[in-house]
Amino acid sequence: MTVTTFSELELDESLLEALQDKGFTRPTAIQAAAIPPALDGRDVLGSAPTGTGKTAAYLLPALQHLLDFPRKKSGPPRILILTPTRELAMQVSDHARELAKHTHLDIATITGGVAYMNHAEVFSENQDIVVATTGRLLQYIKEENFDCRAVETLILDEADRMLDMGFAQDIEHIAGETRWRKQTLLFSATLEGDAIQDFAERLLEDPVEVSANPSTRERKKIHQWYYRADDLEHKTALLVHLLKQPEATRSIVFVRKRERVHELANWLREAGINNCYLEGEMVQGKRNEAIKRLTEGRVNVLVATDVAARGIDIPDVSHVFNFDMPRSGDTYLHRIGRTARAGRKGTAISLVEAHDHLLLGKVGRYIEEPIKARVIDELRPKTRAPSEKQTGKPSKKVLAKRAEKKKAKEKEKPRVKKRHRDTKNIGKRRKPSGTGVPPQTTEE
């Protein structure tokens, strides 16, 4: 049965009221897939890119469990949520408080960059849900300041990024401390690769695997097209022109490498476009300042790599620009999911050089719809567009040449004469007489 409304999920009235306050009536694909098995107490292995409602997909069943089975007296946390970054932990906590605002449930946050005294209340007062980063939480566990024995559900958000950041051992240590738990939910942007699958096998027991990309209806809120660029200079000129348009009120520009982040940020500043940037090696204070500048409207352009932008939620993004084309359809969906949130519409623009056309075709096939081209009159490309039939497969001419080379190599090989009696089944295996190999002798 397909779930079309939140009321069909048999959620508590207080949660339905909170969803209504936020304007949410229909569950997204990942919510419809993940919430029912989670409510049944099953372990869940979920995959969904940013912008698909992944956070509510695990928060709603966790909150419902606490309401269905209230404890008689106060105690340590019953739900533990682990995130890779402080920003994501704060966002998840805020989201949980919004969903729990008509209940009496308590939510606390434990992250790095915060003095111990600020976490003292978490240890001394009743907490139902704790959202934490692994490093700081593990420190408190080792100091015996945090009690994991009451944790009933362990939730891992952005698990793939936690692995990328080298937190696998820390998470497994924490999972060991919560070994009395009844349920584990693991969510990731992608489930591709042996690392995430092996990790999930070690932590989850007979999980229900759910995967949901944005539906066609959700993607239609995002206008997608591309501009063809002759070279890097032309591509930068296109980006500058598009960022200066009045409709680009808040934009994220994605690049593939950290080095390009600094280059592009400087080029945009030279063109009169004030911007901020995020890259993997930034200290926490600078990351917070960059995000604050963007959300407060002091700048309206953020340049970022995929890894650096993971785990941050920036509201009201009007445009997403792929300055460097992503190498996978998953990454493309993850990027464009930054816009068109909360029922709004958004725009995703890709800037494509000749060598990017194969990636463009790959993305189009993945999302099962072609991305259409547009042209700016004063910045028309001067080079010819690659053939639309270009697929990345070798042409017939190339295949014919390869076949000829293969035949030539076979002709060069010396032919060994085979006699019929050498190939007959004659019982005990022996060397064919035509090999010219002398019999072995043993020395006494």
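A Cβ is built for glycine as well, from the same backbone N, Cα and C atoms used for every other residue.
As recorded in Swiss-Prot, the features of this protein are as follows:
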type	residues	note
BINDING	Ala48, Pro49, Thr50, Gly51, Thr52, Gly53, Lys54, Thr55	ATP binding site
COMPBIAS	382-391	compositional bias 'Basic and acidic residues'
DOMAIN	35-209	domain 'Helicase ATP-binding'
DOMAIN	238-387	domain 'Helicase C-terminal'
REGION	382-444	region 'Disordered'
MOTIF	4-32	motif 'Q motif'
MOTIF	157-160	motif 'DEAD box'
Where Thr50 (ATP binding site) sits in the secondary structure, as DSSP reduces it to three classes:
coil
Determine which residues of the same chain, besides Ala48, Pro49, Thr50, Gly51, Thr52, Gly53, Lys54, Thr55, have their CB within 8 A of the center of the CB atoms at the recorded ATP site, and list them by sequence.
Thr28, Ile30, Ala57, Gly337
Neighbour tally for Gly53 (ATP binding site), based on other Cβ positions within 10 Å of its Cβ:
21
Mean of pLDDT values spanning the motif 'DEAD box' (157-160):
90
What three-state secondary structure does DSSP assign to Thr55 (ATP binding site)?
helix
Ten-angstrom check, please: count other Cβ atoms within 10 Å of the Cβ of Gly51 (ATP binding site), all chains counted.
23
Counting across all protein chains shown, how many other Cβ atoms sit within 10 Å of the Cβ of Thr50 (ATP binding site)?
20
